[in-house]
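Visitor: Dropping the structure in here first, questions after.
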Amino acid sequence: MSHSHPTNTSLSELQLTGIPGLQHLHHWISIPFCIMYLVTLAGNSILLCVIKADPSLHLPMFLFLSMLAVIDLVMSTSITPKMLSIFWFHSNAISLDACLTQMYFVHAFSVMESGVLVAMAFDRYVAICNPLRYLSILTSPVVAVIGLATLLRAVAFMTPLTFQILRLSLCSSAVVDHSYCEHMAVLKLACGDAAFSNTYSLSVSTYVGGFDSLLIALSYALILRAVLSLSSPQARKKAFSTCGSHLCVMALFYIPGLLSMYMERYHQELPPHVQVLLADLYLLIPPAFNPLIYGIRTKQIRDGACRMISQ
């Protein structure tokens, strides 16, 4: 397959700018980004170790949480080390193959995370609204099928997206105005007709973000209806607190991601660094907060961590 590659760089190399317009602040911006990445690595790794070490945590809720932890580790690691090398060492060059691989991992694992969040919301709905049938509904084979379906959906949606980029000729400047290989940003380098690729990307993102968030909202609405019927004010307060924190983390995942995509697509009159920061934060904040919200706030996880430390 022949490609027309950028003329001001080697045949297979692109240049990532980092955060456009804020290059002079890269060292300062790198501090919270690095802290969030370290929290992501530590939090999700500890969570996986605790769940694996404690047989009492081998339940559907914690299996979904393990899936989420693995996805967060992969998704964050696919962009943050390269991003920090740009901020610290001005290592802006990235090969076209590495760029496409990064793009695939970022978007595929984003779709997988969205699917797992839906599964976790359904898990909470069954646990609260139908507790007596919880283990008979969410059996191990059912959990495995849900995980496999989440993976296959991500592959089915993202593989065509990557092949569409491969089929396009890249003949514009080799500079990608982004801190990682985001699909829309790379697509701007194409000199051919990229309308179909743009429309496909927008449609997939809208479907995944809109449909999944609607299912999550429906699950939590049913949960809250069940919670309101509880007689104990303490139980209602605890349930509201848990649901509220879960929904806040989910909002941090869906809202910035969709906003950055639509602003990139429709060229809203906002500084480029705002769009890039939104795209960065939706990939950095949830992986750092998920183990704190879903893990430390869960009594079984805290007890399992204590048992593992004591042993």
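Note: Cβ is positioned from N, Cα and C throughout, glycine not excepted.
No curator has checked TrEMBL annotations; they are predicted automatically.
Straight from TrEMBL, here's the annotation block:
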- 28-50: transmembrane segment (TRANSMEM)
- 43-294: domain 'G-protein coupled receptors family 1 profile' (DOMAIN)
- 62-84: transmembrane segment (TRANSMEM)
- 104-122: transmembrane segment (TRANSMEM)
- 134-156: transmembrane segment (TRANSMEM)
- 207-228: transmembrane segment (TRANSMEM)
- 240-262: transmembrane segment (TRANSMEM)
- 274-294: transmembrane segment (TRANSMEM)
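Looking at the shown structure, can you explain where the listed features end up?
Guide: Only residues 6 or more beyond the boundaries of the transmembrane segment (28-50), in the same chain, are considered here, and those with a CB under 8 A from a CB of the stretch are 19, 22, 57, 65-66, 69-70, 72-73, 76-77, 80, 83-84, 87-88, 280, 284-285, 287-288, 290-292, 295, 301, 304-305, 308.
Cβ atoms under 8 Å from those of the transmembrane segment (104-122) belong to residues 61, 64-65, 67-68, 71-72, 74-75, 78-79, 146-147, 149-151, 153-155, 157-159, 161-162, 180-183, 204, 208-209, 212, 215-216, 219-220, 246, 250, 253-254, 257, 283, 286, 294 of the same chain, restricted to positions at least 6 beyond its ends.
Long-range neighbours of the transmembrane segment (134-156) within the same chain, counting only residues 6 or more positions beyond its ends whose Cβ lies under 8 Å from a Cβ of the stretch, are 59-60, 63-64, 67, 108-109, 111-112, 115-116, 119, 123, 126-127.
Long-range Cβ contacts of the transmembrane segment (274-294) within its own chain (Cβ-Cβ under 8 Å, at least 6 residues beyond either end) map to 19-20, 33, 36-37, 39-40, 43-44, 46-47, 65, 68-69, 72-73, 75-76, 79-80, 83, 106, 110, 113, 120, 177-180, 182, 245-246, 248-249, 252-257, 259-261, 263-264.
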Visitor: Residue list, the transmembrane segment (62-84) vs rest of chain: Cβ under 8 Å, 6 or more residues beyond ends.
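Guide: Same-chain contacts beyond the flanks: 16, 18, 30, 33-34, 37, 40-41, 44-45, 47-48, 51-52, 91, 94, 102, 105-106, 109-110, 112-113, 116-117, 119-120, 123, 140, 143, 146-147, 150, 179-180, 280, 283-284, 286-288, 290-291, 294-295, 300-301.
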Visitor: Using a Cβ cut-off of under 8 Å, list the residues of the same chain at least 6 residues beyond the transmembrane segment (240-262) that approach it.
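Guide: Hits for the transmembrane segment (240-262): 110, 113-114, 117, 121, 124, 184, 201-202, 205-206, 209, 212-213, 216, 220, 223-224, 227, 268, 275-276, 278-279, 281-283, 285-286, 289-290, 293-294, 297.
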